[in-house]
């Protein structure tokens, strides 16, 4: 009989990643095909024992949303990692993509134009975390117009509420895990609404097409991820991995070679089939060719998903649209004055983060270190509770939620009912969550500001590392596994909580997400901060922590992003800290003060990877910071 460690190693493939967070949106449905009553049974294309065994352990093992991060926080960040610019800035996970975005700006493009190129570049180089086979959320400010674009994947017509009830493995790996990709439609809507008009759609693709044809050196990060996955997911999925090419030495020539080896750091990676797909889309002049149900691209992707048991049809692509709407917006009284804070709408966690920020701003009172940390953690807990109320919900329900949690009355009720105290925390029931089946996920975020005060924040993902592991080698597209981010009825999560009724699977429905691209606008209308990050349920708390550090505790953006982060999500009832030793060095006695207020403390390892831009008015320049410490990123600007 297999040992427990062997069993867990094999089972770890079902945990992958997920914890997605919250909100809402209305979906365009064209034709609305009839959904299937239940998912079809099919042979799993992954070797697994009992899919439910040790699920609680597994959710905390391979399902770490920061499993693609290689570093640690710092309390003495190298000043050379700060990039300054008088006019424009791009901050993302991949240095060459930051530079590519800067070059688009220098050619006459604006923030929206640069964001399209940067997104395509990241999806090429960091293909484990993003790409046009996935989706995301875009927040864009163009002059006085601010929009939120929900480019989140949605469930195919053949999806159903109970499709994963008897076999959770299928929600993470294989064709059944694939949702209809939304990233490209989101980028097209960004181009249509906020593009400069100075550069064509094709021109924004050209540098990325060239990159995929000529290649780039395999990074330490990508090599590390491949090494990790080669010990976990890849060996358990031989049928799925047979079609993969660019991650192996020899590329397309390696297909069918049983003895092929993965690329290592420094090896040249080329993706010619992906370049061909991008070129086809670029030459077409829009995203329509990708979503044409009669076209080669949609048919090829659907066929790849179906080959491994999926219900995705080419017609599902024709039913997809990326919703463009006004973002969620609050006015916050910072010590520096009033600021307009915008966050993504849709099924993201924008509203929850804004509610947490409003709570913190109300209770903060020039506090000492210990009280600052306590109020931050309490804000996290209210944020976590609030985000359990959201999903892809009806418009009137959504309207009332936004109205309630962007206002002040709920905070006044909390204080009046003594559900907050300076000297203690409370059990999770105090915060009144609406049960949520939370999971983790990995993502990529980038921020752009141009010389005309336009800005874009975009968070993009294929969900777990390399998505569903379904790779369509005809198009070079890696297909997502966003179906894993839905909840399943009658299946409690690893911590005993019932799943969220707002997040059950329904055809054409978007699953919940933790992503929270955020823009803060100063009193003069300038985008003062553009920020977002990767890290699953830890995303909104990390953004709140950095905003609080910069605006309320006068940290520089460099310090606020480099410093160790903490996190609380109600369940489990513990404050997670990235690095206990560094945290205690930065905040002497801070851990003890949290414990005295009845908090449990755990050391979690790296929590989130962030990219941000901040305008420093006294120096009249932008500070661009990418999370070098956790993901080797670097900003670029001028």
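Each residue, glycine too, has its Cβ placed from N, Cα and C.
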* Do you know which of 525, 532, 536 TrEMBL groups with 152, 461, 462, 463, 485, 513, 514 in the L-glutamate site? -> 536
* Neighbourhood of residue 462 (L-glutamate binding site), C-beta criterion under 8 angstroms, separation at least six -> 128, 129, 130, 131, 133, 134, 478, 479, 480, 481, 482
* Rounded distance in angstrom between the Cα atoms of residue 536 (L-glutamate binding site) and residue 443 (active site, nucleophile) -> 8
* To do: Measuring C-alpha to C-alpha, could you say which of the binding-site residues 152, 461, 463, 485 are within 10 Å of residue 443 (active site, nucleophile)?
  => 461, 463
